[in-house]
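One structure below.
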Amino acid sequence: MTKLLEFVLLASDTDWSKGSLHASLVSITVSPLLWNVVARNEYRNKTLTKCMGARSGCTALGVTIFVAGLYREVLYKKALHDQAQFHLPYGIQTVVAWIVFGAGNFLVFTSFVALGFYGTYLGDHFGILKEQRVTQFPFNVLDDPMYVGSTLCFVGAALWYERPAGLLVSFYVAFTYYVALKFEKPFTNMIYENRDRSAESKH
């Protein structure tokens, strides 16, 4: 545990002069900004829907988000390798890292299964609405399991590559998602409230 504490404390020694770190932080910031701006525009103006239809438009956005996520991971890995390494005991570097990383991927995967493709990639902003709120696992355990899972993946990678700086980046990921949810949740709730009011007015 002493080594793990040292690892956490050494995050404060992050080399902020590295361009790779800046690129990683920018990619982390841009991802939720991109999907929120595009999705809100779609809800209000139907730009992609008019061009290719709601499902095709949502698919295009989903593929873009997925590819951007992969590129974000590449930039994060590059940023980690440009930072100082702190050797951890095998049990932490391998076992704990894989548990954290595995738990993160498990939450992301099970969230995707529960929501489906369109539910995951903001289909409700394209008018592809679910009949009722998803309450099955992992949503019966966490409010935002996909975001929690994604953050855990960043932490797991920091442990695996033995880079304390990765913990600061992971904290920034969590903060970015926290801010994004402050905008996403109310807007999504508004979409479904409008749907419900519209359905009630027809009865």
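Using N, Cα and C of the backbone, Cβ positions are placed for all residues, glycine too.
Note that the coordinates shown come from a computational prediction; the quantities given were computed from them, not determined experimentally.
The topological domain 'Lumenal' annotation in TrEMBL covers 1-13, 40-51, 119-161. Positions annotated as transmembrane segment by TrEMBL: 20-39, 51-71, 91-118, 139-159, 165-181. Under the heading S-adenosyl-L-methionine binding site, TrEMBL lists Gly102, Ala103, Gly104, Glu184, Lys185. Residues or ranges marked as topological domain 'Cytoplasmic' in TrEMBL: 183-203.
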For S-adenosyl-L-methionine: widest Cα to Cα gap among Gly102, Ala103, Gly104, Glu184, Lys185 in Å: 27
Annotated stretches the transmembrane segment (20-39) and the transmembrane segment (91-118) touching (3 or more Cβ pairs under 8 Å): no
Most Cβ neighbours inside 10 Å, all chains, among the binding-site residues Gly102, Gly104: Gly104
Same-chain residues near the transmembrane segment (165-181), Cβ under 8 Å, at least 6 residues beyond its ends: 7-8, 11, 13-15, 21, 24-25, 28-29, 32-33, 36, 76, 79-80, 83-84, 144, 147, 150-151, 154-155, 157-159
Per-region confidence, the topological domain 'Lumenal' (1-13) (mean pLDDT, whole number): 85
Other C-beta atoms that fall within 10 angstroms of the C-beta of Lys185 (S-adenosyl-L-methionine binding site): 12
Among Ala103, Glu184, which are binding-site residues, the residue with the most C-beta atoms within 10 angstroms of its C-beta: Glu184
Chain residues outside the topological domain 'Lumenal' (1-13) and at least six past its termini with a C-beta under 8 angstroms from it: 84, 86, 88-89, 92, 159, 162, 164-168
Helix, strand and coil residues within the topological domain 'Lumenal' (119-161) as assigned by DSSP: 22 helix, 0 strand, 21 coil
